[in-house]
Every structure is written in C-alpha cells, then in structure tokens.
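Q: Quick one: this structure, given as structure tokens, is what I'll be asking you about.
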Amino acid sequence: MSILPIVIAPDERLITRASEVTDINDKIKELVNDMFETMYDAEGLGLAAVQVGVLKRIFVMDIQLETIENEPAGYGSTGKFYMINPEITELSDEQVILKEGCLSIPEQSHEIKRPKYLTVKYKDLDNEEQTLKASGWLARCIQHELDHLNGILYIRHLSKLKYDMAMKKAQKVKKHYEQ
C-alpha cells in the first residue's frame, strides 16, 4: 500500500467529472487500499479518487459507528467502507446545515446545506450492486464525496461571494503547500 499525493484546489482534475469504473480488477482494488491509507494519513473522513488524481468514480470513507436517536429504521452511520460507481437514488426533502471541510481545500471549513437522508446504490469490489440508506454524517459525507466525482467542490454550494473568498484563500494555501 502507498500514500498517494492529494490534489489541492484549484486544480482542473477537481472540477472534472470522473468516469465510470468498467472493470473492477486488481489495480482498482489496490487503488482503494491506497486511498484508505492516504485518507488515514491525512486524518480525513473521506477521499474521492479524483482527489488523488485518478478520474474514476470511486471513494472511500470511515465514519465511525454512532447511535442516532429518532432515525428511521435502516438509516445510520457505519465504519470503514468504499463505493464504486455510486448513484444516489433518493434524497430527503428535509435539509440540514453543518460545517464541512475537505482534504483538497485545506485550512477551511464552511456551513453547507444538504439533504438529511439518502439512499445510494453502488458496486463493491466483487462487482456486486449494493444499496445503502444513510443519514447524519454518513449521508453528508456520501454527498460530499459524490460531488467530487461529479467535478463539484463543496464550496460551490456557497454564495458567489463566499465561494470567491474561499477560492482566493485556497490559492494562497496551495502556494504554501507547493513550497
């Protein structure tokens, strides 16, 4: 396993839609393992393949187990997992605002409004289709990582003024990281 370099915004790869994974082979399995190692090394909750320069529809996450009262049956959080070719099939009308950060936009966090619940289908490493219902941080992180796969940075959900300020700061931070 290897720690991969994380792509820092602004970078064209981060605003490019990732392509479907058509063959889940040993190279893809190795990439998933490397992404987990990279995410843990960077102390992140999630990491999309585009964030390590691979324009494929894959992300990894580790949302620690938590108990959420008053959540519908079948929803909740999970630990370490990954998704290949994820697709959200259902989003709740109910939305929540929470602060998010991103390994590709270091030293920033912003309040973002997102749907509270979702259902997502995806492929596992055995090429089997899976379905997951999610709420809380799990749902939020799935939406954040799926945005990456669609070429959308989380700061795009901000007003134009806040987005422009966030990108200006990102440019300064990137210069610091490149030194």
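Cβ coordinates come from backbone N, Cα and C, glycine included.
Keep in mind that what you see is a predicted model, and the values were worked out from it rather than measured.
Checked Swiss-Prot, it gives:
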BINDING   Cys102, His144, His148  Fe cation binding site
ACT_SITE  Glu145  active site
Q: Enumerate the residues of the same chain, Cys102, His144, His148 excluded, that satisfy the criterion Cβ within 8 A of the mean position of the Cβ atoms of the recorded Fe cation site; list them in sequence order.
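A: Not counting the recorded site residues, we get Gly46, Ala48, Gln51, Glu100, Leu103, Ser104, Glu145, Asp147, Leu153, Tyr154.
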Q: Out of these binding-site residues, His144, His148, which one has the fewest other C-beta atoms within 10 Å of its own C-beta?
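A: It is His144 that, of the binding-site residues His144, His148, has the fewest other Cβ atoms within 10 Å.
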Q: What count of other C-beta atoms do you get within 10 angstroms of the C-beta of the residue listed as 'active site', across all chains shown?
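A: So the Cβ neighbour count for the residue listed as 'active site' comes to 25.
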Q: What three-state secondary structure does DSSP assign to Cys102 (Fe cation binding site)?
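A: DSSP assigns Cys102 (Fe cation binding site) to strand.
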Q: For Cys102 (Fe cation binding site), what is the tally of other C-beta atoms lying within 10 angstroms of its C-beta?
A: 27
Q: According to DSSP, which of helix, strand or coil covers His148 (Fe cation binding site)?
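A: The three-state answer is helix.
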Q: Rounded to an integer, what is the Cα-Cα distance in Å between the residue listed as 'active site' and Cys102 (Fe cation binding site)?
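A: Approximately 10 Å lies between the Cα of the residue listed as 'active site' and that of Cys102 (Fe cation binding site).
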